[in-house]
């Protein structure tokens, strides 16, 4: 038999140690054995796991934050799942509840009275206070300048913060006699207590979670509203769009090494055989409702009903989410952390060609635009989700992924005539995805199988999502590698058939088939070049042929080409001239869009408007720099962009993509979702 692996669980009390040893005795005979390691505190456990003296422990959000910091760098590998009315979930939302009829907004909170669940609690303290510090509403210079409680006492006129002992003002609004009213478990503590404090008129705002009003006063729900970060108010049920942060469930953390699979197979097995609804006399979780605090929440929270595996790419920062992560960061800040870069925009550039263009833009914009350089679009989406970069212009396929990751479209590129430009577009601009073949071939949409294909890149709209979505609907198979005999789809696995025709940059073998301008056949022009030199069909957009024939493209491969050398494939099996794309196309799709985090959207919209006045097609400074044009392929923006079109505030990525396209990408992504999409789907499902 193969040697058994041991998983060393870290415990922080004798009650936990006892439960852990009992679990060891009840374990189903598995290839994994359990040993229990007791430490004094969760921080000692984090250190022990980091030093390879233990393997795993389940922690709450604030502790997951610490475990993820250097030097420990632990990552969440499984999330606890809790039951809620309407299904199971792995998170809740922190909200600010106010009475309807009071007319103040988030910016008017200074001098108001406030109700909190308790000092140091997520929804009641860490998130609201961290957020107000992050927004620079509460002025606090960090630990050096005194404890954050003093800064909060200066901000609100009076509060009830159960457990606060340093500042009298922070429990002035609490209920009870002088001795007990400030206690952690006083009458106004917890979610229902903080809500009662608002109800009794002791506070103007209560910081609670999204279910609190429903659980305490369902029939009075209409008398309350939520304060949103964007400066508006919304009904109590709109907590998904009007919350201060999503609070992640407790998570099991571990070192980022090969042991993760063993820990998960051990956890999955135990949760299955010893979890809720099993006949075992040992309970892995709970049961809930224990009276003795010493016996509560041992190893896992009592309210957990199961564990859910966390996708590979997830780290603590993605797991906790931007709002929660920044709130905790703001509460722990010392002098070293930088304040928010309010009037700058951190643009995300991909590869060295975009870097040099972005650096020039940064110089001419007097530093209003700064650049973050990464290897591909996916890395940029992660960076923006984490708040370490602000914006990037993406193809619709990536707008989908970015949307699932919580980013929103801010402006769209427009390529048609300039009449579109002056209009404030409610509707995004569109283009057509087409399939182009050589006129001399006998190929139709119905006999494409086994031919040689050329794609702009995996995951992009015209080059991949549309044609492969249609093929997927037709064949029902996810084996795209088998459909064409060979091809070039930059971003495919290096040994796949769909990298066979790719060329790289000619300088570096490792660059063959990469999804960036380092691959000759990347993008629209690249895919057309691949058709001319090697392929049978190219999946591009309606204008690509016109942009590269009759001398428009001076490169050797395009010499002598005319429109008449090519035809379009229609989905009904017919063929058409390349100018007939309005009647013969694979789909009508939205243009590229700049995406950003929702709370940055307006800032970026304004900033881009200003930049376009200077460096756009008719910019006053376009001799110095042109933001849409570039020497090589489409850098930062598509080169044909005539202008950026403002999208209406609050537009969702689904609306931007349109039903037809959204459905096609969603269906395609059931096949093999990228690691990033798995992470964001996990977070979106919460």
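Even glycines carry a Cβ here, placed using N, Cα and C.
It is 333-341, from the ranges 333-341, 342-350, 351-359, that Swiss-Prot records as region 'Connecting region'. Other Cβ atoms within 10 Å of the Cβ of residue 45 (disulfide bond), summed over all protein chains shown, number 26. Between the CA atoms of residue 502 (disulfide bond) and residue 513 (disulfide bond) there is a gap of 5 Å.
Residue 548 (N-linked glycosylation site) falls within a helical segment according to DSSP. When averaged over the domain 'Transferrin-like 2' (345-670), pLDDT in the model lands at 91.
In this view, the densest Cβ surroundings among the disulfide-bonded residues 20, 36, 380, 671 belong to 380, judged by other Cβ atoms lying within 10 Å. In this structure, 473 is the one among the glycosylation sites 473, 548 with the smallest number of other Cβ atoms inside 10 Å of its Cβ.
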